[in-house]
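Chemist: The structure is given below, and queries will be raised subsequently.
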Amino acid sequence: MSPFASESAWLCLAAAAVLGGTLLCGCRSGRQLRSQAVCLAGLWGGACLLSLSLLCTLFLLSVACFLLLYMSSSDQDLLPVDQKAVLVTGADSGFGHGLAKHLDKLGFTVFAGVLDKEGPGAEELRKHCSERLSVLQMDVTKPEQIKDAHSKVTEKIQDKGLWAVVNNAGVFHLPIDGELIPMSIYRKCMAVNFFGTVEVTKAFLPLLRKSKGRLVNVSSMGGTVPLQMTSAYAATKAALTMFSTIIRQELDKWGVKVVTIKPGGFKTNITGSQDIWDKMEKEILDHFSKDIQENYGQDYVHTQKLIIPTLKERSNPDITPVLRDIQHAISARNPSSFYYPGRMAYLWVCLAAYCPTSLLDYVIKKGFYPQPTPRALRTVH
């Protein structure tokens with residue numbers, strides 16, 4: 001091999017290492033990589049395969065490094081807080097509760113929409129946050145409460161404007177086969193996770209158009225990665241993701257930026273309490289047909305309920321990555337369209353997009369939690 005070829009090979013390896021490292025960091029951190037960076041990695045690989053000249057190789061490496069540095073620096077360009085007003089739904093607990101506190105500490109004017117204005121979550125916000133934070137009664141499935149919240153927000157902000165709306169309110173269900181989930185649970189999930197978000201968005205968009213602000217919708221990795229036993233929840237998050245993607249294109253002409261957050265597994269109250277699990281189990285069993293009873297059995301449902309503590313144990317109790325990404329989506333001059341906070345969340349999304357279906361199904365089946373066997377499929381000894 002000639003010295004020239006050797007030098008070109010080492011340069012290609014160095015560039016591949018830089019770009020590959022960038023992609024890996026994006027997978028580990030959950031931050032979406034700009035599409036240009038992904039394309040850049042592919043183009044670089046193609047250029048290396050074409051055995052370009054040493055001069056051209058050096059030029060492309062310089063351009064690649066410049067673009068990566070430029071994209072990285074532009075992500076860090078944050079707008080001043082200036083007491084910007086932000087509405088957060090689902091602030092009773094979990095992401096919404098933590099975000100309301102976090103934004104209040106940063107100096108934002110926060111409107112915390114809660115399901116129960118007299119509940120412990122709302123009381124804690126009133127107790128520990130500044131006077132800039134207002135707690136609003138806001139069940140996103142009740143149009144009259146959304147309308148009332150809109151009136152109160154408009155009255156308080158007056159000419160200052162509303163900078164951002166964070167649609168975070170959401171519900172989960174007992175993890176179980178889609179065949180066993182009653183239609184009432186499907187409807188409830190859709191009412192809160194999708195229609196609630198759409199209704200809040202439609203109500204507050206006139207204010208966001210005036211401020212040329214931000215619409216941040218909290219979806220889920222489950223809306224992209226097909227996880228078993230989550231059909232009702234995942235379907236609503238998939239619908240929310242598509243709604244957010246399309247409305248992002250539509251609102252671009254108004255200067256409103258729309259961002260979708262797709263968290264991985266975090267420990268929040270969305271899975272509910274023991275009482276809620278028991279009620280869901282009873283509701284599922286009450287809708288059992290004779291065929292379902294014979295093929296699945298009641299113990300199958302009970303075993304599925306026992307999986308929930310395992311899910312919580314495997315979830316990350318530190319929601320800081322989610323809060324950090326939402327803050328960035330609100331404050332960055334050029335936010336990403338998607339954020340994937342969580343352990344290897346972006347990697348799972350990539351697997352769902354590019355992995356062969358049979359292999360993806362196998363990985364999901366083996367990689368999350370043990371599946372009980374329905375009564376009719378159990379081996380009789």
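The backbone N, Cα and C atoms fix where each Cβ goes, and this holds for glycine too.
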Chemist: Labelled transmembrane segment by Swiss-Prot, one stretch among 4-24, 46-66, 340-360. Can you tell me which?
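Modeler: Going through 4-24, 46-66, 340-360 one by one, Swiss-Prot flags 4-24 as transmembrane segment.
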Chemist: Would you say which of the binding-site residues Q83, S220 has the most Cβ atoms within 10 Å of its own Cβ?
Modeler: S220
Chemist: Give me the non-local Cβ neighbours of L99 (NAD(+) binding site): same chain, 6+ apart in sequence, Cβ-Cβ under 8 Å, ordered along the sequence.
Modeler: V88, A91, V166, N168, V322, L323, I326, Q327
Chemist: If one measures from the C-alpha of L103 (NAD(+) binding site) to the C-alpha of Y233 (active site, proton acceptor), what distance in angstrom results, rounded to a whole number?
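Modeler: Rounded to a whole number, the Cα-Cα distance is 28 Å.
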Chemist: Could you round the CA separation between F111 (NAD(+) binding site) and S220 (substrate binding site) to a whole angstrom and send it over?
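Modeler: That comes out at 23 Å between the alpha carbons.
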